[in-house]
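Peer 1: Sequence annotations record features per position, and here TrEMBL assigns signal peptide to B:1-22. Annotated transmembrane segment per TrEMBL: B:246-273, B:305-325, B:337-355, B:388-405, B:472-496, B:502-521, in sequence order.
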């Protein structure tokens, strides 16, 4: 194993070296700004995270073509935490203290983010986290460029209520923190909208669940109660393919019981024949099919960089794009890569997103995003059927008992990630 | 799929045959209504569809079908609506009413009329009501089903008319059912509605139950009748549900059997704790993917046979990998189970990363051949073809393996070597060769399992991980060294799992099952069917 790792890493380093050497002529090695990339390149999460590593490399390449940042070239430092949560913390420490990177782009799962948090706090560095997550967190050293639940789940449910007239809800998810929290928020939200207990079915499955026969049959059964039914899916990763295959096999069509998913994007659909799935939905803040000039340019550049014009783009890639450009802009505005001034400058920074609008970093270190609802097409792409105005990420959900009184504002003088408006104190509910 | 077929048929109808529905309205009138499709959001489109359907014009179904396919476009310059056919990067426009050619249009000058599920439903119901009198029985059947789903009182006159002339009994029955659902939604007198409930209750299906549940909370005679009918259907379906769970259990059991049966050789017969077993399954799945890729690019006509071609390829790939592993790693470690465990675990990681480097980390799409797609019903049990074939395939592999072990010379030597190595060597059997072949056979069978699993699971480097624990569970539970034990073990675990799942949920169900196995192994450490005799004690 380690042999293959080393070889991979050596080739990677060689390629990187060549790449940098070709663009770096005339610069001494310490005349660069180092950017850390902390995404798993092996193990179970490699399926999702490898693409994000490539995205950061692509963005750095583009930025260097434009002359770099503050007159210096950017240099990527890529490490492989191998889908191993404790290793994420070790690699983060290595990036910050040994490689002296100015910023880190990384993590996918919440548990990996939680694992690196103490390191970023202790060594005071910046992490850009590009994936949709369950919220309930706001840290000074982290910028969350993916969606909070109110930027994905709640607008999706609103769409189903309005457009499809859905009255019965199946909340199906993989058994871990993101689906559990999201479903808790959704359940509270649905009940606030007057949905009865009997009309909500919550179902959890283990990671990598592959036999969906009885659950799909249950959904069918639940859906035959005379009321329009929809499935809200927080099913994660690999389990989606067999789930959708089973839906197709049992003849559940989107016109009968639509499924709206929060973790299924263009990459996940690449492994399925989508003809039986036409009409099922996904809620994201970006789709490859977005019709905008910025997106067309991004996709073109990406295909050239990765040398494969079949590669798809997806939402976490857009989140990485926004985070990267915001950091570049903030560094240029602050005139330095030092962590504290950059963190202060980042709040309020506005950069274009890929769907033709703008994303602003809010004082709670989350960003504004429009919510797009897309229907799966037979070519594996999404047809956008609804788009909202930009929504501010709500880190502490208003629909959860423990967090409805909390707000976060990292501007001075408050500088607090969990300010309790009921007690008027910083420090959560304690 | 049925919807697509309907579309194809209707499109063909519109192109050539004379449709049965008579009556056309003036072209200009129709054009104005078609143009309304291009104005505004989903609400407006839905109204426009209802308007179009109300004309009863025989050109409407084709127009609506093209709309459903996303082939209706608005010209941005003047808001006119056209059929748009892809011509290179641009579109070729045709007037939907007159069929006149409207010339090419660059992509930027036209805009697709957006369709979502609500619009698709509206289209299906409108087209259904319009094609109830079609000369093609398949179209009529689909139309009746679409109208039944929409339960729209406005379709009643069309239904009455169609029922009066329908001659095919089961299409007529479908129309009568559709009329019943439409009646329930209308403001017909109570006695008619009670009769309609009786007609729906006669169907006895889950869909029927769905319709009735919408009325169980109603007052008066209708509510009473609906409640009674719903209760009757529910109790009937309960029995079918048991049958359905049993079927799911058998199906899961067959998957477990396939995954475990190779391990029953490498671990069960040879005693090697083979943690790389799951990766042999994965290799088989990737072999299937590779075969399909080659077929797709070179001989697309052979696609339906791709799995048959993949079987020997997957078997040989996995068997060769297995022999290689046995010769290079495992043979040095016989009799040292802990080291074997660690070494094969390492091998499994190497194989995963090798596949990841070679094929990429993403899932690979393995297609279902046409004879493995879709499903059919036995009573109220939905049987999917994939699952049925996998059950048959698992049994076939199992029987073939038994035959190899019991009826061939290689099988005899295998059993001899595993039961008493010294004695077997003494009578002239080349034990190292037999070891390698046995391990190769076990791995090859895992490769075969990979072909089947590629049809239901995703083909990714992690494929094997999901099966390794279950496989060991099956082999240990069934009794190490006994193939029949593996069969009974796999089916028992599958059925038990699926019977528990509806009550305990997928997560808790699995936990309960694991606890039960732990307790069982405490009581009977050798599993269900323990081998007896001196060979075992040694």
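First residue shown is number 1, and so on along the chain.
Note that Cβ sites are derived from N, Cα and C of the backbone, with glycine treated the same way.
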Peer 1: Applying the under-8 angstroms CB criterion, which one of B:246-273, B:305-325, B:337-355, B:388-405, B:502-521 scores highest with the transmembrane segment (B:472-496)?
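Peer 2: Checked against B:246-273, B:305-325, B:337-355, B:388-405, B:502-521; highest Cβ contact count belongs to B:246-273.
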Peer 1: Based on Cβ pairs under 8 Å, which of the stretches B:246-273, B:305-325, B:337-355, B:502-521 lies most in contact with the transmembrane segment (B:388-405)?
Peer 2: B:246-273
Peer 1: Below 8 Å between Cβ atoms, which of the listed ranges B:246-273, B:305-325, B:502-521 makes the most pairs with the transmembrane segment (B:337-355)?
Peer 2: B:246-273
Peer 1: Sequence-remote contacts (6 or more beyond its ends) of the transmembrane segment (B:305-325), Cβ cut-off under 8 Å?
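Peer 2: Distal contacts: 266, 276, 280-281, 283-285, 287-288, 290-292, 295, 344, 347, 351, 367, 369, 372, 436-437, 439-448, 450-451, 455.
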